[in-house]
Amino acid sequence: MGRGLLGGLWPLHVVLWTRIASTIPPHVPKSVNSDMMVTDSNGAVKLPQLCKFCDVRSSTCDNQKSCLSNCSITAICEKPQEVCVAVWRKNDENITIETVCDDPKIAYHGFVLDDAASSKCIMKERKGSGETFFMCSCSSDECNDHIIFSEEYATNNPDLLLVIFQVTGVSLLPPLGIAIAVIITFYCYRVHRQQKLSPSWDSGKPRKLMEFSEHLAIILEDDRSDISSTCANNINHNTELLPIELDTLVGKGRFAEVYKAKLRQNTSEQFETVAVKIFPYEEYASWKTEKDIFSDL
C-alpha cells in the first residue's frame with residue numbers, strides 16, 4: 001500500500017522540481033566550476049583545445065620561413081582556457097622543438113603568451129641565455145604543428161599560388177591578346193594579298209587582242225607553234241605586239257596561265273594555232289626571268 005502510494009507520487013515530484021527550476025530568475029548565480037566551464041565572448045561554452053604535445057624533441061627545422069613540428073601526439077588540453085604553444089631552441093649542440101598546452105594567463109619559460117588569440121603559430125624571438133629562442137602560441141586545433149618564422153610568409157603563403165596565377169594571368173592577358181590580334185591581321189593580309197596576286201580570271205569569255213598597256217605580257221611559244229617560218233622570221237618577239245586572239249584556257253599555275261590561241265597572219269583570215277602564256281602585271285619578275293631564258297636559246 002505504502003509503496004504504491006510512493007510510486008504514484010514520484011511523477012508529481014518530478015513535475016514539481018521541473019516547475020521550480022523553470023521559475024528561477026536568470027540573474028540568480030549558479031554554482032559552476034570555472035575551471036571546467038569557460039565561455040567565449042559570445043557566451044558559448046568553450047571546449048578544451050587540441051594541441052600537439054611532445055614536450056622537447058630534437059629537430060632539423062631551421063628558422064627560415066616555416067616547418068612542421070613532426071610531433072605525432074595530439075592531446076586534449078587539461079583546461080578549456082589553455083592554448084597551443086611551440087618553442088624552438090638552437091644552441092651550440094642541437095636544435096629542439098617543444099610542443100605543449102599552457103594557460104596564456106601564466107608565463108611560460110618566463111615569457112607572456114601575448115599572441116594566444118592568433119589562429120597561426122607565428123614565431124617571435126625571445127631573448128634567452130646563451131641560445132637562440134623562439135616561441136609562439138595560438139588558439140586553433142593543432143596550430144602548433146605548423147610553426148612559422150616569417151610573418152610575410154604566414155600572410156601570403158595560403159594563397160600564394162592563387163595570387164601568382166592571378167597576377168600572371170592579368171599581366172599576360174593584354175600582351176597575349178595583342179599577339180593574337182597581330183597574328184590574325186597578318187594572316188588575313190597574306191590571304192588577301194595572295195588572292196590579289198592570283199585573281200580568278202573569267203575564262204568563259206573569249207579574249208580579244210590585248211595590248212601591252214593592259215598589264216599583260218604575251219610570249220609566243222616558238223617550239224610548239226605551227227606558224228610558217230616566213231611569218232615567224234618577220235616578227236620581233238620582244239618588241240612587237242602580236243595579232244593574237246585567245247581561244248581556250250589550257251592550264252593555270254601559280255604565276256601564269258596558258259591559253260590556246262590563234263596567231264593571225266597580217267590582215268588575212270589565215271591563222272596559226274599557238275600556245276600563249278600570260279603573266280599578270282604583279283608577276284613581271286617571273287615573266288622577265290622566263291623571257292631571258294627563252295632569249296638565250
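Indices start at 1 and increase along the chain as displayed.
Here the Cβ of each residue, glycine as well, is placed from N, Cα and C on the backbone.
For CYS51 (disulfide bond), other Cβ atoms within 10 Å of its Cβ number 30. Sequence annotations record features per position, and here Swiss-Prot assigns disulfide bond to CYS51-CYS84 (among others).
All protein chains shown were included, and the count of other CB atoms within 10 Å of the CB of CYS54 (disulfide bond) stands at 19. Sequence annotations record features per position, and here Swiss-Prot assigns disulfide bond to CYS54-CYS71 (among others) based on similarity to another entry.
According to its DSSP assignment, CYS67 (disulfide bond) is in a strand. With a cut-off of 8 Å between CB atoms and residues at least 6 apart in sequence, the same chain places SER59, CYS61, HIS146, ILE147 near CYS67 (disulfide bond), listed in sequence order. Annotation source Swiss-Prot lists disulfide bond at CYS61-CYS67 (among others).
The Cβ of CYS77 (disulfide bond) lies under 8 Å from the Cβ of PRO48, GLN49, LEU50, CYS51, VAL83, CYS84, CYS101, each of which sits 6+ residues away along the same chain. The feature disulfide bond is assigned by Swiss-Prot to CYS77-CYS101 (among others), with similarity to another entry given as support.
Within the same chain, residues at least six positions away from CYS121 (disulfide bond) with a Cβ under 8 Å of its Cβ are CYS84, ALA86, CYS136, SER137, CYS138, CYS143, ASN144, HIS146, ILE147, ILE148. Annotated disulfide bond per Swiss-Prot: CYS121-CYS136 (among others), in sequence order, evidence recorded as similarity to another entry.
Annotated disulfide bond per Swiss-Prot: CYS138-CYS143 (among others), in sequence order, evidence recorded as similarity to another entry. The secondary structure of CYS143 (disulfide bond), as reduced to three states from DSSP, is helical.
The domain 'Protein kinase' annotation in Swiss-Prot covers 244-297 and rests on sequence analysis.
Annotation source Swiss-Prot lists N-linked glycosylation site at ASN70 (among others). Listed in sequence order, the residues of the same chain lying 6 or more apart from ASN70 (N-linked glycosylation site) and placing their CB within less than 8 Å of its CB are ARG57, SER59, ILE97.
Per Swiss-Prot, the feature N-linked glycosylation site maps to ASN94 (among others). For ASN94 (N-linked glycosylation site), the same-chain residues lying six or more positions away in sequence with a CB closer than 8 A to its CB are SER58.
The topological domain 'Extracellular' annotation in Swiss-Prot covers 24-166 and is backed by sequence analysis.
Under the heading transmembrane segment, Swiss-Prot lists 167-187.
Same-chain residues lying 6+ beyond the ends of the transmembrane segment (167-187) with a Cβ under 8 Å from its Cβ atoms: none.
Helix, strand and coil counts under DSSP for the domain 'Protein kinase' (244-297) come to 15 helix, 26 strand, 13 coil. Each of the disulfide-bonded residues CYS61, CYS138 was scored by the number of other CB atoms within 10 Å of its CB, and the largest score is that of CYS138.
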